[in-house]
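Down below is the structure, laid out as structure tokens.
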Amino acid sequence: MSFLTVNRLASKLLNSKNATYFLVAARNASASTTNLKDVLADLIPKEQNRIKNFKQQYGKTNIGQITVDMVYGGMRGMKGLVYETSVLDPDEGIRFRGYSIPECQKLLPKAAGGQEPLPEGLFWLLVTGQVPTEEQVNWVSKEWAKRAALPSHVVTMLDNFPTNLHPMSQFSAAVTALNSESSFARAYSEGVHKSKYWEFAYEDSMDLIAKLPCIAAKIYRNLYREGSSIGAIDSGLDWSHNFTNMLGYSDAQFTELMRLYLTIHSDHEGGNVSAHTSHLVGSALSDPYLAFSAAMNGLAGPLHGLANQEVLVWLTALQKELGGEVSDEKMRDYIWNTLKSGRVVPGYGHAVLRKTDPRYSCQREFAMKHLPNDPMFKLVAQLYKIVPDVLLEQGKAKNPWPNVDAHSGVLLQYYGMTEMNYYTVLFGVSRALGVLSQLVWSRALGFPLERPKSMSTDGLMSLVGAKSG
């Protein structure tokens, strides 16, 4: 539930101008301050007070029912988390602090000569609810550049991993090892007051986001570029540009793609595995390094972070079997054969969305602009015309439309990043922007240890009056 969702609910229940105070403050706050921590320090007390008043008046209000199917079905659709930074609308897709992806593409600052939003701007938006100025985004870029250096023990660790260790395992382990630098862990051990927790969560989150491209690039170079140096951070470049430089890519279009990729993969509400994991682990007052590392272990699971690889494998198999130019009729037959074999068409459908994922749409627009004649893009575009109709005809899919994973791998392949095992690391670098923004707010709002009630099957049967035999 985003702060906009909470605000609408509060406005409806309280019928008071005070309920919209935080939203108005966020939208109209002075743009003169470039220090993100100072902006947060101003916003937090207001939001604390707003939620306190809301809970006092409506804390016992019922907001939904829980069914047996929900309990057995992965808690799908169950309202059980407060998550401020983004909300997923089944029809409109993700909204970052109330802004759709097209709105973010239009409103967020861009690099000189660029057309895609800078992830630094999205991070500012996620943290504050405010669309940042160019000066504020530049401040974030320079701040991350200043914090980017890796401690020597993490570098040594990365350089000594076996080459058969999966990139995500290396990524998660390196993030965990950064825990040695945690301001939050140190402050907690020294007895800091809980009202100050957010300050140290903020410092750790800023440090971690700054260092992630260095970790990710080092993994890439070690595995796929014979251990060549990632080079030095350039404080005059934005976060994405430094990342692509360290990866070894100099194409300006690839840097633009990375800006788009890191923006649109950053957050997707709070119930997905990586976001929920970071929230859960963080609720134990584990520091941001430990919470994010746990989230990355969840992202590494095939049901969460490996979907774009599965899309590419399926597309490659399609090409191998049918050849280069594929007729619509042959493609329909191939799709039906996939479905009749008990498999799914990877990249299509979504647990929540009921229309084309706007993250797919903006990648499609990027491809139409920069690589309209690429054979793989043409194949993806052809599938977009055919797959939804086949899925509707089959009658099983609640959502026959493509999601973000149907397109991202094709774009990366076009610019030369063909190492599919690495793609989830890029996803992880991006997802840090969302889950760490929320982690700071979770500590600021004093969210408690997450501890839902579990039940046995016998207990559930007894609860609903069913026979256990």
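The backbone N, Cα and C atoms fix where each Cβ goes, glycine too.
What Swiss-Prot records for H304 (among others) is active site. DSSP assigns H304 (active site) to coil in the three-state reduction, outside any helix or strand.
Listed in sequence order, the residues of the same chain lying 6 or more apart from H350 (active site) and placing their CB within less than 8 Å of its CB are D357, N399, W401, N403. Feature annotation from Swiss-Prot assigns active site to H350 (among others); the stated evidence is sequence analysis.
Look at D405 (active site): DSSP puts it in a helix. Taking a C-beta cut-off of under 8 Å and a sequence gap of six or more, D405 (active site) has these contacts in its own chain: A307, N308, E310, V311, P346, G347. What Swiss-Prot lists as active site is D405 (among others).
Among the features that Swiss-Prot reports, oxaloacetate binding site is placed at R359, R431, R451, with the record citing similarity to another entry. Around R359 (oxaloacetate binding site), taking its Cβ as the centre, 25 other Cβ atoms fall within 10 Å, counting all chains.
Under the heading transit peptide, Swiss-Prot lists 1-30, citing similarity to another entry as support.
Under a cutoff of 8 A between CB atoms, and with a sequence separation of 6+ in the same chain, the neighbours of R431 (oxaloacetate binding site) are H265, S266, D267, S274, A275, A295, L299. Cα of R359 (oxaloacetate binding site) to Cα of H304 (active site): a span of 16 Å. DSSP assigns R451 (oxaloacetate binding site) to coil, not to a helix or a strand. Put simply, R451 (oxaloacetate binding site) is 23 Å from H304 (active site) when counted between their Cα atoms. A sphere of 10 angstroms centred on the C-beta of H304 (active site) encloses 16 other C-beta atoms.
With R359, R431, R451 listed as the residues that bind oxaloacetate, the site has a largest C-alpha separation of 33 Å.
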